[in-house]
Amino acid sequence: AMGGNHTQPKFLLLGITDSPCAQAPLFGLFLLIYVVTLVGNLGLVLLVWVVPTLHTPMYFFLTHFSLADACYSTVISPKMLTGLFFGSGAISWAGCAAQFHAFAFLVTAECYILAAMAYDRHVAICHPLLYVTAASRRVCWRLLGCSYLAAFLSAAVYTGCIFWGPFCGRQHIDHFFCDVGPVLRLVCSDTHAREMVVFTLATVNGVSTGVVILLSYVRILRVVLGMRPAPSRSRAFQTCSAHLVSVSVFYGTLFFMYLQPASGHGGLDKVASVFYTVVTPLLNPFIYSLRNQEVKGALGKCSRRVLHRC
């Protein structure tokens, strides 16, 4: 069976666990997480849309980050849930490639959106007088457009490297979604060159966006520590802390998973994968709403308005 121009294989996703006893409770848990993830992320998008005080560059990027979270959770979770419900899940070559491409596109876009958010915080705190022009609507749309373009091109390269060529033997993917390592293990030919292309591009995307975020926060920290009086300092820290928590969780698991060659992966992969595909999209709305006075205030205003109408 071949990918590309020949007969396309069918794959079988073996899922998170092969223990029948664990499948029902995991199905319930992940279904609940998926529903809360969708409600949390889409709720945050809706909140920013309906509250005029949140129409700022920071929340513009946050809505796209939340949309990406909701989308990539939807790319992964329904297939994982059907796998848990039925024991394992068949997926076509085209379906597998499409799932991976969408996932790679959304995750890479999130890296660049996080970097754009760090740039926004840097300009707001370090160069407040330039903020109106340096973070104008046009600049924000350009940054977002470049983020999506870089993500789309990167995802196309990743997908081409992984899915082009012959697949051998039993097409069982030992994972709950079509990820780099488990799919590459089924390729007949030597995968070293492909692995190195994926690894190099993932490193460029991860490290370049990570460096932008790191340098932005080094500058922010220096400015904030020099602020007088203390309330200004704590307010500046508050606006940045949610973004920093989100960055740490997101990059920590991604670097563990993708900044090592596919052959170096081990038994912790599924646990790490659950963390960044299922848990991280769930946490982000809570991180941004619970650590942020503006979002809390807007949420309170909206709920009072709704209750008043009722």
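Note that Cβ sites are derived from N, Cα and C of the backbone, with glycine treated the same way.
Record features (TrEMBL):
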DOMAIN    40-288  domain 'G-protein coupled receptors family 1 profile'
TRANSMEM  26-51  transmembrane segment
TRANSMEM  140-165  transmembrane segment
TRANSMEM  196-218  transmembrane segment
TRANSMEM  239-259  transmembrane segment
TRANSMEM  271-290  transmembrane segment
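Simply put, out of 140-165, 196-218, 239-259, 271-290, 271-290 has the most Cβ pairs sitting under 8 Å from the transmembrane segment (26-51). Across the residues of the domain 'G-protein coupled receptors family 1 profile' (40-288), the predicted structure has a mean pLDDT of 85.
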